[in-house]
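The annotation chlorophyll a 1 binding site is assigned in TrEMBL to GLU99, HIS102, LYS215, ASN219, ARG221, GLN233, HIS248. The chlorophyll b binding site feature in TrEMBL is assigned to ARG104, LEU184. Summarising the annotation, TrEMBL assigns chlorophyll a 5 binding site to GLU216.
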Amino acid sequence: MDVAVGRGFQILAHAGSSPFPGRCSHTTAFGTTKTNWLAKIGSSSHHSRVVVRAQNRPTWLPGLDPPPYLDGTLAGDFGFDPLGLGEDPESLKWYVQAELVHARFAMAGVAGILVTDLLRVTGIRNLPVWYEAGATKIDFASTRTLFIIQLLLMGFVETKRYMDFRNPGSQAKEGSFFGLEASLEGLEPGYPGGPLLNPLGLAKDIKNAHEWKLKEIKNGRLAMVAMLGIFVQANVTHVGPIDNLLEHLSNPWHKTIIQTLAGSGS
């Protein structure tokens, strides 16, 4: 019989026959004590042994019991759901996909911002700071044209992704994508494959690719936090992240987030 007790512990109670009926010994931090007692069930004598065992599963807050629907099977599941959004199984599946997509966009966004900002600061390319890039005029097309093209392309891709989520494998059927299904064949919802989206052939056995999934979602969550930091920096300092880094390195003890926030409020 397993009984959960406290935070992160289990009590395992085992009943069985004993060569020493009527006696139970247990060990504490202060030594070993013995207690005599009699327990008879029918004509047999039994004793109970209680073992306290700590749970080995890591959680976002050590000692916290994760909710029962977060059982550790999902990649990156550390029991974090303070609002209880994943109580419904169908909603949980959608939230997993939503987090995965946002994580990938964040990783691409952070890489794009840092690379272009580095090229701008070093003078290699004449580029606008990232938060002004959207206002830059492009010669070969108007802003309205680019917006419509992006809307159509992103809408098509997101519709295909949603259809594959609702009916896994349906978008890999012959004739569903202009004959390119084999090049884009998904491994499972949220994990596209094929030579175009998985050119290195990583994690072909997606069912046993838990380590790859864990690495991706960890880096994605870090990128989402980084994007939030970049947004706040741009709003407070009105410069790019590389400029912020160089300013901090020029005077590490007096050019920190504390002084920056204090100066912005004055």
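Easy rule for this one: first residue shown is 1, then count along the chain.
Using N, Cα and C of the backbone, Cβ positions are placed for all residues, glycine too.
Here the features listed in TrEMBL are placed on the structure.
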residue : record                       : Cβ contacts under 8 Å, 6 or more apart
GLU99   : chlorophyll a 1 binding site : ILE217, GLY220
HIS102  : chlorophyll a 1 binding site : GLY220, MET224
ARG104  : chlorophyll b binding site   : GLY220
LYS215  : chlorophyll a 1 binding site : none
GLU216  : chlorophyll a 5 binding site : ALA75, LEU100, ALA103
ASN219  : chlorophyll a 1 binding site : ALA103, MET107
ARG221  : chlorophyll a 1 binding site : GLY76, ALA103
GLN233  : chlorophyll a 1 binding site : VAL239, PRO241, ASN244
HIS248  : chlorophyll a 1 binding site : LYS255, THR256
Site diameter for chlorophyll a 1, Å, by largest Cα distance between GLU99, HIS102, LYS215, ASN219, ARG221, GLN233, HIS248:
32
